[in-house]
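**Student:** Submitted below is the structure of interest, expressed as structure tokens.
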Amino acid sequence: MSLRGKDIISISDIKRSDLERIFRVASSRFQGDELKGKIIAMAFFEPSTRTRFSFETATLRLGGNYIGFEAAQSTSLAKGESFSDTIRMLDSYADGIVVRHSLEGAAKLAAELAEAPVINAGDGTKNHPTQAMIDLYTIWKERGNLDNLTYGVLGDLRYGRAAASFLKALNLYSPKKVYLICPEGLRPKQELLDSLKMPWEFSDLKDALPELDVLYVTRVQKERFPDPSEYERVKGSYKVDSSILKDAKEGLMILHPLPRVDEISLDVDSTPYAYYFKQAANGVPVRMALLSEVIP
């Protein structure tokens, strides 16, 4: 089924066949003209580096152009204009809208308001579908396969939308097992656990590490904690460094959606396990592939 003109709000909106078509396009994508004469609106109501820059780069490399903002304070939202009116205005100017917002459901609301396709660049704590595409593409590109692997997901599994989307994306495949590795206060919400279709269990890093083919690490999402004291209790409670990796399986891939704070030590960067900078670089070809598939 074609994604042309479709909204991409959750990774659950994507079929495995769609995802693997995006992977194939991304693996050969360096330049193109699919967006020639098209304008993409970048509606970033929340800070971003990699996501915004890679969407902008992807648009330019496909021959398109972009408009937008990187902070709500620089728009009429600062004067009291509503989110709805802002989206309607962007819809009248652009052929597609990329939305990032701190509030859950913002991208879905934008999709209901706009005629142009809306791509969710991360909203709330549940959805970051294009990050999940990049994560899975990185594994697929290196391994050629995502099935029958053992995954560990380490970090903030309660407030981290990248981790939540990664886990939901794995539902499209057949992992051997998934280990959820997190402090007690950062365990996933029950809704996410109930949605998982693969074998999973809670573990600690030391016990799970020797089995892992992929370790997906995320930072503690300080900005999403409702109570600052809750953040203080869990910050710094986990760290991957080169000493713990002595027990790692040969060929282990360590991924991180970035930015990192202190959850992966700098000494890991020079090990053969570090794939997170390759992962970040994959943002441009994957988003090029997605834009070329979605924008009418």
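Including glycine, each Cβ sits where the backbone N, Cα and C put it.
Note that the structure is a prediction, hence the values are computed from the model and not measured.
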**Student:** Look at the carbamoyl phosphate binding annotation in Swiss-Prot, where Arg50, Thr51, His128, Gln131, Leu258, Pro259 are given, and name the residue from Arg21, Arg100, Arg158 listed for that site too.
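**Tutor:** So, going by the record in Swiss-Prot, that would be Arg100.
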**Student:** What does DSSP say about Arg219 (L-aspartate binding site): helix, strand or coil?
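**Tutor:** Arg219 (L-aspartate binding site) sits in coil per DSSP, no helix or strand.
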**Student:** Taking 8 Å from the centroid of the Cβ atoms of Arg50, Thr51, Arg100, His128, Gln131, Leu258, Pro259 as the cut-off, which other residues in that chain fall inside it around the carbamoyl phosphate site?
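**Tutor:** My list of surrounding residues reads Ser48, Thr49, Ala121, Gly122, Ala162, Pro257, Gly283.
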**Student:** If you count, for each of the binding-site residues Arg50, Arg219, the other Cβ atoms lying within 10 Å of its Cβ, which residue has the minimum?
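**Tutor:** Counting other Cβ atoms within 10 Å of each of the binding-site residues Arg50, Arg219 gives the minimum at Arg50.
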